[in-house]
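Record features, source Swiss-Prot:
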type	residues	note
TRANSMEM	10-30	transmembrane segment
TRANSMEM	43-63	transmembrane segment
TRANSMEM	74-94	transmembrane segment
TRANSMEM	112-132	transmembrane segment
TRANSMEM	150-170	transmembrane segment
TRANSMEM	174-194	transmembrane segment
TRANSMEM	214-234	transmembrane segment
COMPBIAS	277-306	compositional bias 'Pro residues'
REGION	277-319	region 'Disordered'
Amino acid sequence: MVLPPPDRRHVCLTTLVIMGSMAVMDAYLVEQNQGPRKIGVCIIVLVGDVCFLLVLRYVAVWVGAEVRTAKRGYAMILWFLYIFVLEIKLYFIFQNYKAARRGAADPVARKALTLLLSVCVPGLFLLLVALDRMEYVRTFRKREDLRGRLFWVALDLLDLLDMQASLWEPPRSGLPLWAEGLTFFYCYMLLLVLPCVALSEVSMQGEHIAPQKMMLYPVLSLATVNVVAVLARAANMALFRDSRVSAIFVGKNVVALATKACTFLEYRRQVRDFPPPALSLELQPPPPQRNSVPPPPPPLHGPPGRPHMSSPTRDPLDT
């Protein structure tokens with residue numbers, strides 16, 4: 001498959017979000033260390049950023065080239081690479097906060113770190129999907145349905161980031177070490193996998209995308225985010241008396257459970273009541289428009305020098 005020319009605005013915006021968030025994470029890592037250790041950390045993060053930028057230089061261009069197509073393969077690669085590197089840096093920042101090193105007592109810096117992640121991570125996902133660049137999604141209803149499903153993905157990402165932020169925002173932690181590690185790496189795994197599942201559903205549907213048939217991500221997020229997040233927060237409140245539990249996101253997960261249950265029931269009813277050809281009508285491409293201009297009349301050939309006259313019509317003879 002030959003990709004079209006890359007969208008320069010999309011490439012620049014994606015690179016700006018990725019490298020901007022990486023630069024802020026590097027600033028946190030350097031600021032949390034002091035003395036000769038700071039110089040070593042600065043050298044390490046600079047070398048890592050140069051290597052990451054070399055890889056990003058090619059992957060971001062490929063993502064910008066496929067943004068107007070129905071495929072999102074390079075977008076999944078870029079997302080996996082970004083979250084993999086970002087969460088490694090975030091883990092060391094989290095460990096430095098636990099060790100109460102320099103700058104760890106500043107609550108504003110912790111809140112700013114959470115704000116940075118909550119803007120850049122869901123924002124990059126929506127950039128990689130690039131719904132506004134999908135010119136093959138022509139109907140307004142289908143576009144808004146797809147936008148609503150992508151909004152649920154962004155909410156799940158915010159939910160996972162909130163669970164991670166509850167580990168470093170308070171000055172003291174009430175959870176044991178094993179519970180903190182389990183929470184961090186569970187969210188890390190879901191941040192890697194779940195957006196790639198959503199992007200793969202968009203890519204597998206192709207140009208004749210049907211949002212009502214994209215059921216893999218809702219099932220996975222229902223089990224891994226909505227149910228597990230409610231149980232984990234309830235266990236933290238009941239067992240460890242953790243006051244950092246977000247009641248707002250608990251309510252969000254309860255609403256998501258009810259909404260997705262209704263969606264699954266409606267989908268089963270549609271499959272049962274309508275035959276497969278009726279469901280596949282929406283997948284058919286629109287018929288090509290015919291040219292409304294009538295063809296020109298054929299020329300009348302006659303001897304030169306005489307005007308072209310229409311031959312008189314003859315009445316049929318009655319026999």
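We count from 1, first residue shown onward.
Every residue gets a Cβ built from N, Cα and C, even glycine.
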Practice problem: Report, as numbers and ranges, which residues of the same chain sit near the transmembrane segment (10-30): CB under 8 Å and 6 or more residues beyond its ends. | Solution: 38, 41-42, 45-46, 49, 52-53, 56, 60-61, 63-64, 67, 78, 82, 85-86, 89-90, 92-93, 96, 109, 113, 116-117, 120, 123-124, 127-128, 130, 133
Quiz item: So are the transmembrane segment (174-194) and the transmembrane segment (43-63) touching or not, going by 3+ C-beta pairs under 8 A with a sequence gap of 6 or more?
Solution: no
Quiz item: Where, among 43-63, 74-94, 214-234, do we find the most CB pairs under 8 A to the transmembrane segment (150-170)?
Solution: 214-234
